[in-house]
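To keep things clear, I will list the structure first and then write my remarks on it.
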Amino acid sequence: MSDTYPRLVQLLVKNFGFETDEVTPEDTFSKLELDSLALVELTLTVQQEFGIELSDDDLGADDTLGQAVKVIESKPVVA
Amino acid sequence: MAAGRAAVVCGLGTHLPSRVVTNEDLARELDTSDEWIRSRTGIGQRHIAEEGIATSDLAVEAGGRALKSAETDAVDTVIVATSTPDHTCPATAPTVAARLGLGTVPAFDVAAMCTGFLYGLAVGGGLIAAGTADSVLVIGAETYSSILDPEDRSTRAIFGDGAGAVVLRAGEPEEPGALGPVILGSDGTGSELIRIPSGGSRDPIRAEHIERADPYFRMAGTRVFRNAVERMVDASREAVSRVGWTLDDIEVFVAHQANVRIMNAVADQMRLPRSRFPVHLDRVGNTAAASIPLALADAVTTGALRPGQRTAIAGFGGGLTWGAATLTWPDVTPV
């Protein structure tokens, strides 16, 4: 079982003030009220945490956390 | 840095217009709020020049104070970093030099928007290293209020007016205040992200189609954000490694005061405590080319930056342009 989802949730908890049980894989970023600036911040943090490279639109406001996990897992580790 | 002459910071001066515009003031005329501006930028207020005050007026004040701080009344060269010059041409620096009583010294502008001060330091430092000059006054000065769209709540929330200046003198690479290599870069493929669309030779403002012209400053904030973080981090890493430091050796990191969330992201990406990044923009907003010397002076005044501390400075701006440098902070009293 991949640990990508819990690691992503940890980033949301640590950097954006969410509680672990406050989010589900079905939540979209816009439902979590992450605005465009917050999505850029999350993109940078995810790159650092997972050692991958993301393009500007890999994490979109209408994506769910579950979809984001798939995007993260599809990227080769570069760092 | 290679043996030879170094450029050493020996004076620091600043000037802010007295008129303060708070977030509440903006909220009275635009669809915005103190909470919206603070949460997205960290800015609480900015200083705005009175009608009729130009960039050279601010530059003369800050430049004069830097000379006083350096306990000198003469320099060999004057560089003004600005993207809001008094006129499209000529450059603003000769006016500033003349009004400072510096005679017929070489004087020119550097246009690198918010990275202008770092570009100015690099050029001034290079003139000293080459033996062309023994002392250089580098001034970052801006009146962004003169180019902002009165209806644009995002840029009006961010930008403020002000000026800051340093005096560089020839010295030794190992002494406090000696600038390390200034790491600069640019990426013109992103030139449309931060610009004034009309009024230059690409789209001159002419009477017959004046209604199509856009003479105001425009910025694609979200796309700029990521570029700013990544470029400042990369340039800072290189600047630090060029002087044999590690990132953790940076005791104080004075970043261009664009947005506190950019500064926090830079700190996080470098895995440095955010407490090493002094914040000045809460009181002055983003003052573009003036922001780094203004933030340096504020950090010295508040005690956040002390003589002997290993210091990094970094900036990012339109062009796109970016830069970073290091120095051990000298015993300089800002005026």
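Cβ from N, Cα, C; glycine included.
Cross-referencing B:32-36, B:222-226, B:247-251, B:257-261 with TrEMBL places the feature region 'ACP-binding' at B:257-261. Sequence-remote contacts of a segment are chain residues at least 6 beyond its ends whose Cβ falls under 8 Å from one of its Cβ atoms, and for the region 'ACP-binding' (B:257-261) they are 40-43, 114, 158, 225, 228, 279-282, 284-287, 291-292, 294-295, 316.
Spatially close to B:C114 (active site) yet at least six residues away along the chain are B:S83, B:H256, B:A258, B:N286, B:A288, B:A289, B:S291, B:G315, B:F316, B:G317, B:G318, B:T321, judged by Cβ distances under 8 angstroms.
Every protein chain considered, the tally of other Cβ atoms within 10 Å of the Cβ of B:H256 (active site) stands at 31.
Averaged across the domain 'Beta-ketoacyl-[acyl-carrier-protein] synthase III N-terminal' (B:108-188), pLDDT for the predicted model comes to 97.
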